[in-house]
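Asks: Quick paste of what TrEMBL says about this protein:
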- 1-19: signal peptide (SIGNAL)
- 38-226: domain 'GH11' (DOMAIN)
- Glu122: active site, nucleophile (ACT_SITE)
- Glu213: active site, proton donor (ACT_SITE)
Amino acid sequence: MVAFAQLALALSAITGVFAAPATEFIGPALQADHDLPDFEVGGESLARRQDYTQNYKTGGNVNFQSATNGYSVTFSGAGDFVVGRGWKTGSDRNITFSGSTTASSGTVLLSIYGWSTNPLVEYYIQEYSNGQGAAQGTKLGTLESDGSTYDIWKHQQVGQPSISGTATFWQYISVRQQKRTDSGTITTANHFAAWAKQGMKLGTMNYQVLATEGWGNAGGSSKNTISSS
C-alpha cells in the first residue's frame with residue numbers, strides 16, 4: 001500500500017517507528033466480535049513495506065501502536081507511510097470503526113485498503129482525506145452507501161511496487177464525499193458490486209485493513225478500534 005504518486009518513495013529505514021504489545025488501549029466495546037482483526041500493517045512490516053520485495057525508506061517520525069482490536073499512530077514530517085489493522089484475507093465484510101484522525105500537514109487519509117491477485121489490484125474505500133487523497137485517474141461514476149455518495153475512480157500504476165513485486169496493476173478507488181473520521185460502518189460489498197458494474201473486478205483476495213496513510217511531510221494522528229460482521 002502506498003501513496004499513489006509516492007509509491008516509489010522508500011523505506012529501508014524509518015525514524016521513530018515502534019510496535020507496542022497488544023493491549024486494549026482504546027476500550028473493549030468491540031472486543032467480543034467474532035471476526036476481530038488478525039493482520040497488521042505497521043511495526044516491523046512498516047520497515048519492509050508490507051512484504052514488498054523492494055527496499056523503501058521514508059523520512060520523519062511515525063510512532064505506531066497496535067492492539068487486538070485497533071491501532072493508533074502519531075506522525076510528523078512523514079514522507080510516505082501506511083499503517084493499520086485488519087484481516088489476512090479480504091472479503092465483503094461490513095467493517096465498523098470508531099476513533100479519530102487529524103491532519104496538521106501534508107496529505108493524510110483513512111481508508112479500507114486491500115489487494116487482490118489474478119488480477120493484481122490495489123483498492124481503497126476512502127473515508128477521509130485532508131486533500132484529494134486516493135482520488136486519481138479516471139472518474140467512472142458514483143455509488144450511494146452508508147449515508148454518503150462515493151466517487152468511483154480507476155487508475156493504472158505502471159512499474160510500481162506491489163505485493164507481487166514491481167508490476168503494472170490497477171487501483172480501484174471509492175472516495176466518500178461526506179468525509180468522516182470519528183465512526184461508521186463501511187459496507188464493502190456495495191463498493192465491490194459498484195466496481196464490478198464498471199468492469200472493475202477483483203481477483204483472489206489478499207489482506208484488507210483499515211489504514212491510515214500519509215505523505216508529503218505529513219503530520220497528525222489517528223486512533224481507531226475495528227470490528228466486522
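Using the three backbone atoms N, Cα and C, a Cβ is placed for every residue, glycine included.
The model shown is predicted, which means the values in this text are computed figures rather than measured ones.
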Asks: Average pLDDT across the domain 'GH11' (38-226)?
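Replies: Value for the domain 'GH11' (38-226), mean pLDDT as a whole number: 91.
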Asks: For the active-site residues Glu122, Glu213, which one has its C-beta crowded by the most other C-beta atoms within 10 angstroms?
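Replies: When each Cβ's neighbours within 10 Å are tallied, Glu213 leads.
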Asks: Would you kindly give the Cα-Cα distance separating Glu122 (active site, nucleophile) and Glu213 (active site, proton donor), rounded to the nearest Å?
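Replies: Distance between the two Cα atoms comes out at 14 Å.
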